[in-house]
Amino acid sequence: MSIMSNGKASKLVFEEGNGLAGRDNVNCVLQLEELTPPQDIDLTELPPGPAENDVQGDDVTDWAPIRQSAFNKQIDRVDKVIKGALKSQWKLIKWVIFGVLIGLYAAYVIYAVVLDFQRALALFIFSLLALAYALYRLVKHVFGARLVSAVVGCKQQKCGLFLKERRLIINCFMYILFTGILITMCALSGVIDSVISEPERLKSLFGLFCMLLFGFVFSRQPGMINWRTVFWGLWLQMFLGILILRTQPGYDVFNWLGGHIETFLSYTNAGAEFVFGPAPLSNHEILLIVLPVIIFTSCVFALLYYWGVMQALIMALAILMHFTMGISGAESFATASNIFVGMTVAPLAIKPYLNDMTESEMHAVIVGGFATIAGSVLAIFISFDISASHLLAASFMSAPAALVTSKMFYPESKKPKTASISNIKTAKAVENNALEAMYVGAIDGLKICAYIIGNLVAIISVLAFVNSALMWLGSLVNIEDLSFQLICRYVLYPIPWLLGVDGPDCLIVAELIGVKLFLNEIVAYGQLSTYVKEGVVSTRSEVIATYALCGFANLGSIGVMMGGLIPLVPHRKSEVSRLCVRALLASCVALFMTACIAGLMYDENKVFQPISPGGGGNLNATATTAAV
């Protein structure tokens, strides 16, 4: 090899010699030679060089092994024996370790319950839920396929033939039976007495009838409406309304659950204070308090999804709605998913079935997304001091309402390919471990925060401009203080009246509904929180507004839904865009139905004594920050 330098070349001559450890060594000798002036070289005549990834000579990874001592060889043999024994008996060892841990945990729970049951109530309920989930997984793993085949076989053989021949009689009997059960529950819980003593509650009942009539009148095919879906959807809504708003056990459960959710979300302050400092976070409430809640909640939801808890909850609700309301497996699973993961993630759970879904099923998926709130976003409203128990109740009650209005506005005219729930497979987490799941969840939460920040900045800015323009236009004709909110108050006034809102508060609730529909629900709940703190709305109106606003039904959500759904089924983009407008209207009606039932059931004079959400011990939300 030659290197040019000042008209001379430094020529490297390689000489083979003896090396160390018996290997060849190369001696390099530098020689200087006179060179003639360089001439043109035809590069095409040069032989091709080795490929970049070709290995010349010996493989570079062929290192010489290190010689082991006799002692190290003995250690290696013992290590192989131990690993072989552990591998052959690993299943037994794993079960023994698992059994010991379960035994220790059970002993701890029993001891805590014996010492003070009230203090250990949260631990006891959590343990029961964990046990129920473990039993569910065990039964599904051992007997799942047998149970499905048994049910399918029964439906296809004598049992199915018997039910088919007597379907009309059985349906009439079931309708009469469950209608009687609902009336009995209304009588025992005092709903009928409240309606008699306060006839203005009939406004909510009349409003519910108007919502159903609206869905029937604007139905695409009124003659194809499945009234079984309508009946069972209303029944489930009424049942949940009575259970939560009219019974002590139901109130206790949701109040206890809501209290613990609020306590759990308060631990977000530890991370927020560590990142943003100990200064009063309320100075920048949205950025420093509300948005960290989303990141924390998204992280927890991702962890629950990794463990399979979310899939089990979603499947349980999907099975309930499938067998009662008679809807397909795909749309019931998507509607149940919307309660927990939101309208952009829920379609991913049924991605394999989207291509084969009918237009009615696709419409139901979109309505379910608009009429419910994702669990991570629900945390924002709780941070606004909105009642967690009412928000939870609204989320669950709006799911069957969404299916009712969806199947009224766009009835099923074809037999779905996913009619059976047994064909729906729950998606498994793709993360390798719990830590990765938490990381992915936190990143997803951060993306949601960025979306919310961008939307809030844009929406509030546009609203300020619109109000300024309206105020200027109004001043030209001597109309003072004309604004978007003022227009909504009068244009949408009939809606809160039908929901059962107190007369003096109808204008305020109409304003909130307009803000929610044309802007978004975050701004609407923020204004509701302000009105509640100022004491300008009654408790009853606050509760009804909470149920009416608890959904993604707004104009901006159309773009979000199309952006999340069309990439999954690009060949159906025109169909999706056409269904979104009708679905938005249907979802608004679903939310108003839920609010009507809340207006009928809620009685501020019937106040239950809430149980303490306690049992958490001395947990300090800032302990982590202090420790760090």
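Cβ coordinates come from backbone N, Cα and C, glycine included.
Unlike curated records, TrEMBL annotations are generated automatically.
Among the features that TrEMBL reports, transmembrane segment is placed at 92-114 (among others).
Per TrEMBL, transmembrane segment is recorded for 120-139 (among others).
Annotated transmembrane segment per TrEMBL: 168-190 (among others), in sequence order.
Sequence annotations record features per position, and here TrEMBL assigns transmembrane segment to 202-218 (among others). Long-range contacts of the transmembrane segment (202-218) within the same chain: residues 195, 225, 230, 404-405, 408-409, 497-500, 585-586, 589, 592-593, 596-600, each at least 6 residues beyond the stretch ends and with a Cβ under 8 Å from a Cβ of the stretch.
Under the heading domain 'Concentrative nucleoside transporter N-terminal', TrEMBL lists 206-278. The residues of the domain 'Concentrative nucleoside transporter N-terminal' (206-278), classed with DSSP into helix (H, G, I), strand (E, B) and coil, number 63 helix, 0 strand, 10 coil.
Under the heading transmembrane segment, TrEMBL lists 230-247 (among others). Here the transmembrane segment (230-247) has long-range neighbours at 175, 178, 182, 185-186, 189-191, 212, 254, 321, 324-326, 389, 393, 396-397, 400-401, 403-404, 407-408, 593-594, 597-598, 600-603, 606, meaning same-chain residues at least 6 beyond its ends whose C-beta is under 8 angstroms from one of its own.
Taken from TrEMBL, the feature transmembrane segment applies to 286-306 (among others).
Sequence annotations record features per position, and here TrEMBL assigns domain 'Nucleoside transporter/FeoB GTPase Gate' to 288-384.
Here TrEMBL flags 313-330 (among others) as transmembrane segment.
Taken from TrEMBL, the feature transmembrane segment covers 366-384 (among others). Within its own chain, the transmembrane segment (366-384) has Cβ neighbours under 8 Å at 261-262, 265, 289-290, 293-294, 296-298, 301, 331, 334-335, 338-347, 391-392, 394-395, 398-399, 401-403, 405-406, 409, 445, 448, 452, 521-522, 525-526, 528-529, 550-553, 557, 561, 565, 576, 579-580, 583-584, 586-587, 590-591, counting only residues six or more beyond its boundaries.
Under the heading domain 'Concentrative nucleoside transporter C-terminal', TrEMBL lists 390-599.
Marked as transmembrane segment by TrEMBL: 448-473 (among others). Within the same chain, residues 286-287, 291, 294-295, 298, 376-377, 380, 481-485, 487, 519-520, 522-523, 556 sit at least 6 positions outside the transmembrane segment (448-473) and bring their C-beta atoms closer than 8 Å to a C-beta of that stretch.
Taken from TrEMBL, the feature transmembrane segment applies to 544-569 (among others).
The feature transmembrane segment is assigned by TrEMBL to 581-602 (among others). Tertiary proximity for the transmembrane segment (581-602) is limited to same-chain residues at least six positions away from its ends with a CB under 8 Å from its CB atoms, namely 191, 195, 201, 203-205, 207-208, 211-212, 214-215, 218, 220, 237-238, 241-242, 245-246, 363, 366-367, 370-371, 390, 393-394, 397-398, 401-402, 404-406, 408-410, 495, 498-501, 517, 540, 543-555, 557-558, 561.
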Distal contacts, the transmembrane segment (544-569) - CB-CB under 8 A, six or more residues away: 342-344, 347-348, 351, 354-355, 365-366, 369-373, 381, 386-387, 390-391, 393-395, 397-398, 455, 459, 496, 499-501, 509, 512-513, 516-521, 524-525, 528, 537, 576-577, 580-581, 583-584, 587-588, 590-592, 594-595, 597-599, 602
Overall pLDDT for the domain 'Nucleoside transporter/FeoB GTPase Gate' (288-384), taken as the rounded mean: 79
